[in-house]
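Per Swiss-Prot, the features are:
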- 1-23: region 'Disordered' (REGION)
- 39-59: transmembrane segment (TRANSMEM)
- 83-103: transmembrane segment (TRANSMEM)
- 113-133: transmembrane segment (TRANSMEM)
- 135-155: transmembrane segment (TRANSMEM)
- 170-191: transmembrane segment (TRANSMEM)
- 213-233: transmembrane segment (TRANSMEM)
- 266-286: transmembrane segment (TRANSMEM)
- 304-324: transmembrane segment (TRANSMEM)
- 331-351: transmembrane segment (TRANSMEM)
- 361-381: transmembrane segment (TRANSMEM)
- 392-412: transmembrane segment (TRANSMEM)
- 418-438: transmembrane segment (TRANSMEM)
Amino acid sequence: MEEEDEEARALLAGGPDEADRGAPAAPGALPALCDPSRLVHRLLVLLLMCFLGFGSYFCYDNPAALQTQVKRDMQVNTTKFMLLYAWYSWSNVVLCFFGGFLIDRVFGIRWGTIIFSCFVCIGQVVFALGGIFNAFWLMEFGRFVFGIGGESLAVAQNTYAVSWFKGKELNLVFGLQLSMARIGSTVNMNLMGWLYSKIEALLGSAGHTTLGITLMIGGVTCILSLICALALAYLDQRAERILHKEQGKTGEVIKLTDVKDFSLPLWLIFIICVCYYVAVFPFIGLGKVFFTEKFGFSSQAASAINSVVYVISAPMSPVFGLLVDKTGKNIIWVLCAVAATLVSHMMLAFTMWNPWIAMCLLGLSYSLLACALWPMVAFVVPEHQLGTAHGFMQSIQNLGLAIISIIAGMILDSRGYLFLEVFFIACVSLSLLSVVLLYLVNRAQGGNLNYSARQREEIKFSHTE
């Protein structure tokens, strides 16, 4: 206890006010990097937060990066291959409701983050062992375990962000976390195929063992995330002791009875969300072979173009977030994003134009939609129902991804890529129709979903008077 008191006194002696005035630090004061009240220390915490989710995002799309190898080495068709994505989503259909509850009421943010990071690590190891032992059912089980940790780890990551950063800083922090997640996905798409070829050359042949070892090496990124979780737990506990700050909480209150009170605009937002994302993530999961077969790309080039959605999303998500914040008009931005995605899929399906054009358009629209759609939930539900609304939205999104992943695999096995693209076009068209309905319903009800930023500021100001 005496050592802790001495550390606290040392930090307080060289507090931020003195540093800002250029006053000399008191004797025994610790450097700014060790002071949880200083910006430099919080930037260190931010770095750890960003890498906390890197491993799970890197490994999530391991199957997409190794689509050809998985199907060949494990001797499975596309329908079974897409189960690797479906099992990830199945585990989150229910868990999305309880991730925040487990962090707030059961584990706490520190232990919750560590436990969910362990699930991600264990899931990836089991997934890799399934390849080594030529047991596809074990790979499926590994993806299910991986999914248990993946989505909840993202909740924990956001909870840490809210605990350490406030106000305008928070939007930038969320943008940086999302960018790092997309970088993880991009690195995976462009690295895993190359890594497989190196392991193949080392072992002298392709096969399930080569696949398993490649996936196991990829799992090192999950260990990196676990190390970040442990470091964050230590730094957060230390900051709580020194600054007497409260441990971070999600603040989510989940009440399933709230579902009956959801308004029509909220249900339309749910439909837009599901119908849009089922035409993006399963497409990326199956995209590598599509670009190889239709456009004659090499394996490496196909991986590069398949990852361009994430490449664009990394820098553009914060930019579009700022744009939507400054302009408002969320429904119009969502309409533009969904319409652009529809054009992108139609170009890929019915033309032989350079697919880089369509994929860049898809990357821009995907980034814009996330920035404009998700904030609308807060405009149509009371604050006490936000936790339930977000949980339900994530739950049905995962349900849709689980079902559509299987259907997409079946269509590809029986009909080919053209029919699969037509199916994705139908999904995006339904999303577009829902956006138009949302615009009309919002206008008829006098809702605020399409207000400009100035109108929202005026309403907020009038309520404070």
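Positions of Cβ are set from backbone N, Cα and C atoms, glycine also.
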Against which stretches of its own chain does the transmembrane segment (331-351) lie, if we need a Cβ under 8 Å and a gap of at least six residues from its ends?
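Sequence-remote neighbours of the transmembrane segment (331-351) are 272, 276, 279-280, 283, 290, 323-324, 357-359, 361-362, 364-366, 368-369, 371-373, 376, 418, 421-422, 424-425, 428-429, 431-432, 435-436, 438-439, 442, 449-450.
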Between the transmembrane segment (361-381) and the transmembrane segment (113-133), are there three or more CB pairs that fall under 8 A, provided the residues in each pair are separated by 6 or more in sequence?
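Counting Cβ pairs under 8 Å, fewer than 3, so no.
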Taking a Cβ cut-off under 8 Å, which residues six or more beyond the ends of the transmembrane segment (213-233) line up next to it in the same chain?
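For the transmembrane segment (213-233), the list is 45, 48-49, 51-56, 58-59, 62, 66, 69, 110-111, 113-114, 117-118, 120-121, 124-125, 127-129, 131-132, 153, 160, 184, 188, 192, 195-196, 199, 203.
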Between the transmembrane segment (304-324) and the transmembrane segment (170-191), are there three or more CB pairs that fall under 8 A, provided the residues in each pair are separated by 6 or more in sequence?
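Contact between the transmembrane segment (170-191) and the transmembrane segment (304-324): present.
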Determine which residues of the chain contact the transmembrane segment (361-381) at the Cβ level, with the cut-off under 8 Å and only residues 6 or more beyond its ends counted.
178, 262-263, 265-266, 269, 272-273, 276, 280, 308-313, 316-317, 320-321, 323-324, 330-331, 333-334, 336-338, 340-341, 343-345, 347, 389-390, 393, 447-449
Go through the chain and flag residues at least 6 beyond the ends of the transmembrane segment (83-103) whose CB is under 8 A from any CB in it; none is fine as an answer.
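Apart from its flanks, the transmembrane segment (83-103) reaches 60, 63, 70, 109, 112-113, 139-141, 143-148, 150-152, 155-156, 159, 249-252, 254, 256, 281-282, 285, 387-388, 391-392, 394-395, 398-399, 401-403, 405-406, 409.
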